Amino acid sequence: MSILMAQVVSPPTILVSVDTQTHKASSKPLKRTQKSNTSISTKRKVPRSPLDRTQKLNLEVSPHRAVSAVRLMRIELGGAFADLLNEKGKGSGGNEMAYVERSLGFRTKELDDRDLRLVTDVVGGTIRWRRYLDHLICSLCHDEKTFRSMEPLLLQILRIGFYEIVKLDMPPYAVVDENVTLAKVALRPGAGNLVNGILRKLVRVKEDNSLPLPKLEGDDRAQARALATLYSHPVWMVRRWTKYLGQEEAIKLMVWNNSHPSFSLRANNGKGVTRADLAMQLNLLKVPHELSLHLDDFIRVKTGLQNVIQAGLLKEGLCAVQDESAVQLIQTLYNSISMSCQMTSGLVVSVVDPQPGESIVDCCAAPGGKTLYMASRLSGQGMVYAIDINEGRLRILRETAKSHQVDSVITTIHADLRHFSDNNVMKYDKVLLDAPCSGLGVLSKRADLRWNRRLEDLEQLKNLQDDLLDAASLLVKPGGVLIYSTCSIDPEENEERVDTFLLRHPEFSIDPADRFVPSDFITKRGFYSSDPVKHSLDGAFAARLIWAL
């Protein structure tokens, strides 16, 4: 299935569409009606008066759909995340509306809390189910050419409408009416007519229980293509998981990836906050939660994270947003919460087993979740050396460490690990390499990641992982421990990387992790591994490698 991408630039407003399979990039102005509330001047404007702002306000258009459509176009270019929350819990609604105005030429009414939740749901769901939705849209168009030539904004509006009808079960005719209005105002009357015809056709086939979906039949390749459409994943992922897991388990994994993610909060023991204290705060905020079955400091939440942020629990350092398996990153604590492939791990920190007085290196530290957690377990004695190539993210880590009151046991080092290890003479008790990886274990939280990964990426990542492992091993003192971890479920990034490392470095051997985490997470070879289907946690891997004396 082709991927249509759009870029919004203003002024002037230009949309760039790319079909990665059949088309070259094309650039053309966005077509609009001649109404004053939808036009955008190509000249630089002076700040508008309140009267001008009022004239740009369009109360007919659904705010969450306008914001979702523009945000979806930005996400496809990698320029935005699917989460709107910031430290006030109100999200970047004002910024998003500014994007709508610059892109579409008008504003809607301001986003309220319900609108923000809908944007998060619609954007995340539309991204997850993009291949499935595009298949339905293409099937219900007059012909495939109509779909292939569809302008980006129109395609996003249709995806939103299809997702709301098929996956959210919203009242169908309300969905049709609202999306038709958006298409007419943002584009032109003809676009609205097209949206109206296609969405009404969808309503009819859904009511007749006759959605045009592929059948699971034919050879392995045909079945992989059908599964890729039915569960909305790239074909190469489906084939890879079927190879390693079998078809039944591959389907279960895809179902997990398409589910609404849950999050975990870690009570900041470094600041004297216990899990009981955090649970009491959540009760006061009326946030549904349950205690982690695996880690004493963790609490799971499915909904209500917005309330936690509004109450200031994160900003005050009382807790951190993490997953028991993979850290749900705080990319910019004071500005936004988003998703990242560089995930750290609560259970992986248990594999590290930080002890007071130890010197520990966190090799790829930013944004710092694992550094903070390890520091909180040192009881004020020892040091965690956080190395990262990104100075800006290390600065955020230092600020967060102060709010968590663990800055006295954290030292940040701005460096490329490969260069640092070559020139450094100091050796350390424990070295954690939470390596850059494909992120195939965290696709439920990273809605867009499945579309941004290629099979070719794995080869590049494996080479990088080998280089970083070699560099990290130079920092380990004799008798010390090297911990290698990823947020991937792919054996070529996990067990195979460890095996090739041990061939190059026979001075290291596997130290079974069964003393540090529940046995349910331990493989036959003594590695830590969390399985999304089996454990209802993000997928992650860790190996303890000891330099035997």
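Glycine is treated like the rest: Cβ placed from N, Cα and C.
Pulled from TrEMBL:
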ACT_SITE  C487  active site, nucleophile
BINDING   C364, A365, A366, P367, G368, G369, K370, D388, D416, D434  S-adenosyl-L-methionine binding site
COMPBIAS  25-34  compositional bias 'Basic residues'
DOMAIN    253-548  domain 'SAM-dependent MTase RsmB/NOP-type'
REGION    20-53  region 'Disordered'
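Projection of TrEMBL feature records onto the structure.
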residue: C364; record: S-adenosyl-L-methionine binding site; Cβ within 10 Å: 20
residue: A366; record: S-adenosyl-L-methionine binding site; Cβ within 10 Å: 26
residue: G368; record: S-adenosyl-L-methionine binding site; Cβ within 10 Å: 30
residue: K370; record: S-adenosyl-L-methionine binding site; Cβ within 10 Å: 27
residue: D416; record: S-adenosyl-L-methionine binding site; Cβ within 10 Å: 13
residue: C487; record: active site, nucleophile; Cβ within 10 Å: 32
- C364 (S-adenosyl-L-methionine binding site) to C487 (active site, nucleophile): how many Å between their Cα atoms? 13
- K370 (S-adenosyl-L-methionine binding site) and C487 (active site, nucleophile), distance between Cα atoms, whole Å: 13
